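A.B. asks: According to TrEMBL:
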type	residues	note
REGION	1-65	region 'Disordered'
COMPBIAS	33-47	compositional bias 'Low complexity'
TRANSMEM	98-117	transmembrane segment
TRANSMEM	141-160	transmembrane segment
TRANSMEM	172-192	transmembrane segment
TRANSMEM	198-218	transmembrane segment
TRANSMEM	287-305	transmembrane segment
TRANSMEM	335-359	transmembrane segment
TRANSMEM	406-426	transmembrane segment
ACT_SITE	H419	active site
TRANSMEM	463-482	transmembrane segment
Amino acid sequence: MAPPPSMPAASDRAGPGRDAGDSSSLRLRRAPSADAGDLAGDSSGGLRENGEPQSPTNPPPQEQQQHEMLYYRASAPAHRRVKESPLSSDAIFRQSHAGLLNLCIVVLIAVNSRLIIENLMKYGLLIRAGFWFSARSLGDWPLLMCCLTLPVFPLVALMAEKLITRKLIGEHVVILLHIIITTSAIVYPVVVTLKCDSAVLSGFVLMFLASIMWMKLVSYAHTNYDIRVLSKSTEKGAAYGNYVDPENMKDPTFKSLVYFMLAPTLCYQPTYPQTTCIRKGWVTQQLIKCVVFTGLMGFIIEQYINPIVKNSKHPLKGNFLNAIERVLKLSVPTLYVWLCMFYCFFHLWLNIVAELLCFGDREFYKDWWNAKTVEEYWRMWNMPVHKWIIRHIYFPCIRKGFSRGVAILISFLVSAVFHEICIAVPCHIFKFWAFSGIMFQIPLVFLTRYLHATFKHVMVGNMIFWFFFSIVGQPMCVLLYYHDVMNRQAQASR
């Protein structure tokens, strides 16, 4: 039997008077002083980087067996280099944890299966839609009419752009028109929602669509204004190099406006990167997933969250320990609902819309779950809003001479206002819980940034983010708004 390619043949190494056994013992005597390069021979065999035997490229089974028999002889060294334990602090982030992830999934399935069975045995099936979407909401024509009339505002914005393109109005006039249009696009739904005693979910959907419409209109007006400024500058001989794309310097058209209003983006530009075809089978699969996860969200809300909040007291008025217990008990189901919402909307729904419109840039989120600071989380979890804030709030503030800290403060302030509008208006309650929750992120930004700079190799910031995000923030908001809504409805029924 021939030796492995990395080992010289016995006949090559054995001199006169030596047999194969002598040459074999010679090889083993040399092994302790040999390093990876000595034992490797050529590139087809020897030792790997971790000190284990490297098999020849596609060796015959007999040669592979011979190679292993020589390497694992009792007199061959078992310890050849300095190695770390896989879970040591220096090596833990270089190891794959796929097996531990599978274990966590199995444990989660087992634990939650028991909780589901226990919940069904205790409460029975509690699925109902009255609180979220009732038959009254279907007949609530003001909300429906408001939703159907929202497209009027983009058409008026297009007319304003056409007027200034033809030089029928001045720059100051078109700016004033866009201010009126964008303000009306958000005030109109707010007034209609507050006038109608509708279900919470239908009011939230209307305010969510109105907020998206407002952000798109702001981007549409700001981008077209910037295009006009750049066009005038280039006509005067100013050079912007690669920062100006001729394809995105076109005048606004009805087709580009309609595509922008339907596209899964908040930032307007005349043209977008596009794919070549629509994968109908893929779209069908994503739609099925979307339906399944939406049903799962409804099940968790009705079966778990509602019984917990009904059996609780207002967290700021009752017993402190009881409030902590309710918050901790709510933390897991609210986290599940939020993760399902994120997957349904940012991954499934936005990708479905992008596929149907052949929209090419589908970076709707980044790996926010690995965020080391709160600032990283806000930059990565919602890319459409992040790009809009960077483009239309943050850098315009920087160009106006504001400091970076003031620009961040203004960005969070705008985000806080719209979080409050989307939640408080459908609930008909203005206690500024959502606003305060978003503004509280600012000190967390600086805290987690400091901790990350101090403990560079430990994800302390990531732990703090998950703690405030899933353990404290969301359950507390659910309890606060639920009890305020119930109190309002009780007072209205008297």
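The backbone N, Cα and C atoms fix where each Cβ goes, glycine too.
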A.B. asks: Six or more residues out from either end of the transmembrane segment (141-160), which same-chain residues have a Cβ under 8 Å from its Cβ atoms?
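C.D. replies: Same-chain contacts beyond the ends: 169, 174, 177-178, 181-182, 184-185, 188-189, 192-193, 195-196, 198, 202-203, 205-206, 209-210, 213, 216-217, 220-221, 252, 254, 257, 261.
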A.B. asks: Cβ under 8 Å, sequence separation of at least 6 from the ends of the transmembrane segment (172-192): give me the contacting residues as numbers and ranges.
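C.D. replies: Residues 142-143, 146, 150, 153, 156-157, 160-161, 163-164, 206-207, 209-211, 213-214, 217-218, 221, 225, 421, 425.
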A.B. asks: When only pairs 6 or more apart in sequence are counted, do the transmembrane segment (406-426) and the transmembrane segment (198-218) reach 3 or more Cβ pairs under 8 Å?
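C.D. replies: Since 3 or more Cβ pairs under 8 Å link them, the transmembrane segment (406-426) and the transmembrane segment (198-218) do come into contact.
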A.B. asks: Quick test of the contact rule: Cβ under 8 Å, at least six residues beyond the ends. What residues does that give for the transmembrane segment (98-117)?
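C.D. replies: 303.
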A.B. asks: What is the number of other Cβ atoms found within 10 Å of the Cβ of H419 (active site)?
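C.D. replies: Its Cβ has 19 other Cβ atoms within 10 Å.
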